[in-house]
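Some notes on the structure that comes next.
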Amino acid sequence: MKEAHYSPDHQDLKTYQDDKATEMMDGSDKRKEEMLGVGYFQLFRFATWVDIAMMVVGGVCALIHGSAFPLMLLIYGMMTNTFVAYELEVQELADPNKTCINNTITWTNGSVVEMADNRTVQCGVDIEAQMTMFAYYYTGIGLGAFILSYLQIALWVSAAARQTQRIRKTYFRKIMCMEIGWFDCNSVGELNTRISDDINKINNAIADQVAIFIERLSAFIFGFLVGFIGGWKLTLVVIGVSPLIGLAAGLMAMAVARLTGRELQAYAKAGAIADEVLSSIRTVAAFSGEDKETERYDRNLEEAQTWGVKKGIIIATFQGFLWCIIFLCYALGFWYGSKLVIDTKELTPGTLIQVFFGVLTGALNLGQASPCLEAFASGRAAAKSVFDTINRVPKIDCFTEEGHKLERVKGDLEFHNVKFSYPSRPDIKILDDLNLVVKSGETTAFVGPSGSGKSTVVQLIQRFYDPQQGMVTLDGHDIRSLNIQWLRSLIGIVEQEPVLFATTISENIRYSQPGVTMEEIIQASKEANAYNFIMALPQKFDTLVGDGGSQMSGGQKQRIAIARALVRKPRILLLDMATSALDNESEAVVQEALDKARIGRTTVTIAHRLSTIRKADVIVGFEHGSAVERGSHSELLERKGVYFTLVTLQNQGSDASNYKTNSESQSQMSNHWHDDICEVEVKSGSFRMDIVKKTKKMEDAMEATESAPVTRILKYNQPEWPYLLLGSVGAALNGSVSPVYALLFSQVLGIFSIADMDEQRRQINGVCILFVIVGIVSFFSQFVQGFAFAKSGELLTRRLRKVGFQAMLKQEIRWFDDPKNSPGALTTRLATDASMVQGVSGLVIVDLIPQVSSEAIANIRTIAGLAKEQQFVDMYEKQLEPPYKAAKKKAQVYAIFFAFAKCVIFMAYAASFRYGGYLVTNEGLHYVIVFRVISAIVISGTALGRASSFTPDYAKAKIAAEQFFTLLDRVPRINISQAHGLKWTDFKGKIEFKNCSFTYPSRPDIQVLRGLGVTVRPGQTLAFVGSSGCGKSTCVQLLERFYDPDLGQVLIDEHPSHGVNVPFLRSQIGIVSQEPVLFNCTIAENIQYGDNSCTVSMEDVIEASKKAYLHEFVMSLPHKYETQVGAHGSQLSRGQKQRIAIARAIVRNPKILLLDEATSALDTESEKTVQVALDEARQGRTCIVIAHRLSTIQTADIIAVMSQGTIIEQGTHEELMAKKAAYYKLVTTGAPIS
């Protein structure tokens, strides 16, 4: 019997869980992925003949430069023989019975001294003269090395900068000509990461690393040549071991390429999350999702860290292996070489040194070429995704010149059996066998429930997508055969959520039609009813609209978008809910403007508000992706189909239309208020501006970066101190290897001047055993150093990125209004700053560039609709110029320092051996000491040089750290920590705005609120009514504490809001806004986002979605609650997005509900059901509603009519109707109240 009571909720949950399990099983098979790099020489595909010439000359210089050290070894060998001969002479002449006659040692009686093997001993070596000659040789080689190394670096780095510049331009241009479907499947953040990080990696692979690689390869070849010239037997013995070195280097390069690819993928994902979160910061703040987002970001960083550590381990192992082999080589070479010197006399000590060091320099240079291979491998992995995009042929290429341009356009549009589903959701049919005719010069209106395919039709007309079956024709021509730029130039579009670009109002309007005059812009703005509000702004048409139009109200944005569409005088006008964001007054006037604009044009209009489309020539009813009915308003009403249902539902809701009065009457009240307010503004304006300017100066001063002490950077590495300690021990051992080697090497040289052969053999065996020990120690110390530093470095990078991201999310909303802190710029800083602190170098790209690319990629639909891709490509290319010039200048400076570092060793040899010769002659110093001191100093100097070559990296790391710590140290004006501020248990929800004045920090000269005062008691509903830009949404932002008022205060349960704990306050508030922001995850996760303080169960999710009338729709999807919503919810219709946002607010169970035009995006049917849901949700809660549609707020306890930042009247619907003032006129006529 119990089973009969099984609740449907549990049934839904079970179905959902079963589906999820199946899906997880399917998903595991799809995880196997292929990571293939690009062929190395393909990296140079963007080189011109000038670049090739530069690289060839630079390569030849590097090739000759590589011979400098082996050439020096020939002189070194001769010099060693000179020293040994001199030492033997000194030892012989120590016997008073011996003297030097005719350069031969003779007894004082005149007979020649003979050794045990019948050799005579030479004498009369003028060590100082010899050393002077060698010094000249060294100096000559040094000067040659200076010139060659300067050229090799300057030419390669400059050529790379030129090619990288071309890659960036080509890549961005290619992105801009991709079809919209491609953007559905690629996130903005990921593309931005590719533009900055990945192209830097390509640059590293084709710049100085190549020159250094050629130089080292050349040193390897010349070293072996010197070896063969001196003695082939020893050379062959040493060569026998060399393949091991080559094999290790090759294997390492392959492994690094693969792991770098994986690491990049993970970082790109993390970058996409950061971009999404920073773009939606208001939603994140409203739902206190900061910690949750930090964790989501960190999860992807963890994956990248894992790959980074694996890469570090592999590099460490191979480096250790290489050095071990090299030292074992030393042991073998000296042991066998000494046999050739002592036993067979095939070599002199000098040629042994020459051969041995020739081969060893060769092998060593081959080993040192391996870091270059790592850079090449990273570049190839990074180039894979960049070049794949560049190579991809867009399905719809907006830059192509192909396609017809019709001489006369009539404007007949027709859909023939069109079937369509979005590329990112191929399994969901959007249009199913659609047949539709839109006649020239007529206005055709599309109606139907959310998700029935209306907006998709508009996108197909613009050719954002091509149908999978069937075709769309313009005047009988398949639009696929028409030139795409020309086609889009015929179309003017106004969308529900218009996108404005971060520039002035006039530039935004001009985007639509380049070359339009100011008169035409003014005319278009008048037609769109935008002229008056623009002229009221201080900068008029030169007012900046902010990032994404953030400085404008919804209605203002909409009117600018309409002006933008009208200025191009389009043949076809597409209105996708063009007036939904407008208040009654603006809507009436704009509707009139649109009615005028429609004359003589083919117009397609989509509207949820059916009153706006009654005059349409043809109305088409949509259902499930098909056009199910068409006819005029009256014909369709008789038909009693889809349209009839929608009209009936909407008419029931508009009781307001019962009040009929003369629509001609106009309210004059607003003029008086306006004059009064102007007076107040003049008096207070100058004082306010002073405050703002001073505050700004103080802020700028605070923002100035201070130097970042190294100790502070290390502090962030503190948890890894065992790794750092271990790495430092490894590094210290590695550092000591060089001096130990200098000691052993000078010891070997000294052994050859011992007269006793047996003693020579015994000492050489001892030295060889020591070399073996050093080799084994070197393997372990290299591994320990490489692994420990890679581990601590990756952990530091991850921690810094996480901490940086956390610090960004802690900032108050006004910080994000600053253009310096746009999502694109912040994402790039996260990508580059943190990795630079770890020590990765790369071309730092100025903040502006990511901003342009980010804005362009994020708003690609609008740009495509305006056919403005080329303009954004030009803007991007223009902004690439300054960093490109800086890179070329840097190439010269780097080349000079590199050349100096290379030549200084030869000069050091020249000076020190010349002085050493003097000391040996005049001070009686043993030549072994000279070699030991000089080897030790030169080796230490080279190590110091190697360390100083990291100076640019270190400097970059410090600059990055400074910027980073500036961000971490910035104290937000609104503290969102859990510990700060007041909390109380019996939260009631009383809200009081007391004399609030407010201006947005980014527009300090425009007063938005002027002494606003209103009170809402617990459980009451307050509705704000007023025209666009009068400050309604600003009230909501003050209540959420996105901003604090400049004057006055907001009281919550009698407590001033600025003293209340911010997370506590926001946890009591649920918000549903007009353009809801969804995150790129599943429907369930988006709903669970409503309450980030705990884990929301699936039962709660299903319960909330039922209340929001969402559940049935979700269950009809293949993956149900696990359906991905796409970036910004792009995979869902507006109505569906809105209902998810409502479910998200309901699941929070808030005490205060804020509805900012929550139903404006819904069709009639959904609006009815959602309105019921919202009415239910309002029960027992304090509620603030903002609505342009007055029918939705008649039941409110208080209706407050706003005009220019103040409340001009308030009361219930009945009270205000009885007053017959502003509200009464607004309800009955839509008369202006502003």
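Each residue, glycine too, has its Cβ placed from N, Cα and C.
Listed in TrEMBL:
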type     : residues : note
DOMAIN   : 56-378   : domain 'ABC transmembrane type-1'
DOMAIN   : 413-649  : domain 'ABC transporter'
DOMAIN   : 725-956  : domain 'ABC transmembrane type-1'
DOMAIN   : 991-1229 : domain 'ABC transporter'
TRANSMEM : 52-76    : transmembrane segment
TRANSMEM : 135-159  : transmembrane segment
TRANSMEM : 210-230  : transmembrane segment
TRANSMEM : 236-257  : transmembrane segment
TRANSMEM : 313-335  : transmembrane segment
TRANSMEM : 347-366  : transmembrane segment
TRANSMEM : 721-744  : transmembrane segment
TRANSMEM : 764-790  : transmembrane segment
TRANSMEM : 893-912  : transmembrane segment
TRANSMEM : 924-944  : transmembrane segment
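Note on the domain 'ABC transporter' (991-1229): its mean pLDDT in the predicted model is 82. By the Cβ criterion (under 8 Å, sequence separation of 6 or more), the transmembrane segment (347-366) is in contact with the transmembrane segment (236-257), since 3+ such pairs are found.
Contact counts against the transmembrane segment (210-230), taken as Cβ pairs under 8 Å, peak for 52-76 among the stretches 52-76, 135-159, 313-335, 721-744, 893-912. Ranked by the number of CB pairs under 8 Å to the transmembrane segment (52-76), the listed stretches 135-159, 313-335, 764-790, 893-912 are led by 135-159. A Cβ distance under 8 Å defines the sequence-distant neighbours of the transmembrane segment (135-159), meaning residues of its chain 6+ beyond its ends; these are 47, 51, 54-55, 57-59, 61-62, 64-65, 68, 71-72, 75, 206-208, 210-211, 214-215, 887-888, 890-892, 894-896, 898-900, 902-907, 909-911, 913-914.
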